Amino acid sequence: MQTNFLSQQFNAGSLAENSTACPANATICDGTSCVLPEDNFNQTLSVVLSTVLTIMLALVMFSMGCNVELKNFLGHIKRPWGIFVGFLCQFGIMPLTAFLLSLAFNILPIQAVVVLIMGCCPGGTASNVIAYWVDGDMDLSISMTTCSTLLAMGMMPLCLFIYTKMWTDSDAIVLPYDSIGLSLVALVIPVSFGIFVNHRWPSKAKIILKVGSIVGAVLIVLIAVVGGILYKGSWIISPKLWIIGTIFPAAGYTLGFFLARIAGLSWHRCRTVSLETGMQNTQLCSTIVQLSFSPEQLELMFTFPLIYSIFQLLFALLILGGYRLYRRHRVKTKTDVEKTAQKEDSKSSPKINGGFVSDEMK
């Protein structure tokens, strides 16, 4: 669907100002990016990789489900304070942050709309993998991802209606409810099987979880690489969008963590809410963008979802690395303190017949 309102705001002067050199076979040559025609190789590669990635993602979510205790998961559903905090972050903080960034950088209307679409998307499944590696609350992580994907069917239209008024008619944005539904099914079914396996065969579930966590980490990197291959002709876009793509996920992680802490959640749940807030479903954003805008409009913001995806992954890895260093230092410090205490106790305690060592000290 094309939007006449948006098209009228892009005059020839603004396009000429942002124009750059494009390949000879580009379908769009006058703008801040170049959109290349989709050749047979890219089309075939896209189909094959999409199939492989979908299967791998289902297996990863199955393994993540193997770390979920049914009792704890139902506890979050019955007492949804953590889910409610995540809801406020997902559909409160993120759309508002997208709106403020669009105003602060004074970007074009069509660019502001795609930033807002990204801010209104539900959480991505990659957050569940990272939450596992930072010792987050997996029960909360998966319940938040599931609930945000389900609630997105109503909250995305509402948020877009509120925040895109000044730039475009919200009716011009096509929301792929079938894609949202498929994302929900692809999340719920594998996780449900994983919860069942964990309930029936806990020892096997631990093995599946270890393998799945490693595969999940590889999958996240693979998705970013695949995106770079498939959209290799569209990397030249406005520097402002690069800056927003850098700031936006960092703001999501930071604000989500602080709001969770203010709400009184424990540290491991704060880490979980932070990751669920900053990591968005960028594939859904890409689908909405391609369904809603013409090629002339796509050239101005075609790869923003991919840029966001790369930086959200980069910051997530930094969070993971920082947490691992903190954990290693903390465990080392704690071990040194315990050894010192044991030495002092051994010096001060009198030895009678070699001394007595309780079972707790062994």
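Glycine residues also receive a Cβ, built from the backbone N, Cα and C atoms like all the rest.
Keep in mind that TrEMBL annotations are predicted by a computer and have not been checked by a curator.
Feature annotation from TrEMBL assigns compositional bias 'Basic and acidic residues' to 336-348. The annotation region 'Disordered' is assigned in TrEMBL to 336-362. TrEMBL lists 45-63, 83-105, 112-134, 140-163, 175-195, 207-229, 241-263, 306-326 with the feature transmembrane segment.
Beyond the transmembrane segment (175-195), the same-chain residues lying 6 or more positions past its ends with a Cβ under 8 Å from any Cβ of the stretch are 54, 57-59, 61-68, 70, 73, 122, 125, 142, 145-146, 149-150, 152-153, 156-157, 160, 205, 208, 281, 283-284, 287-288, 291. Only residues 6 or more beyond the boundaries of the transmembrane segment (83-105), in the same chain, are considered here, and those with a CB under 8 A from a CB of the stretch are 76-77, 111-112, 115-116, 118-120, 122-123, 140, 143-144, 147-148, 151, 155, 159, 162-163, 240, 243-244, 247-248, 251-252, 255-256, 259-260, 263, 265, 273, 276-277, 280.
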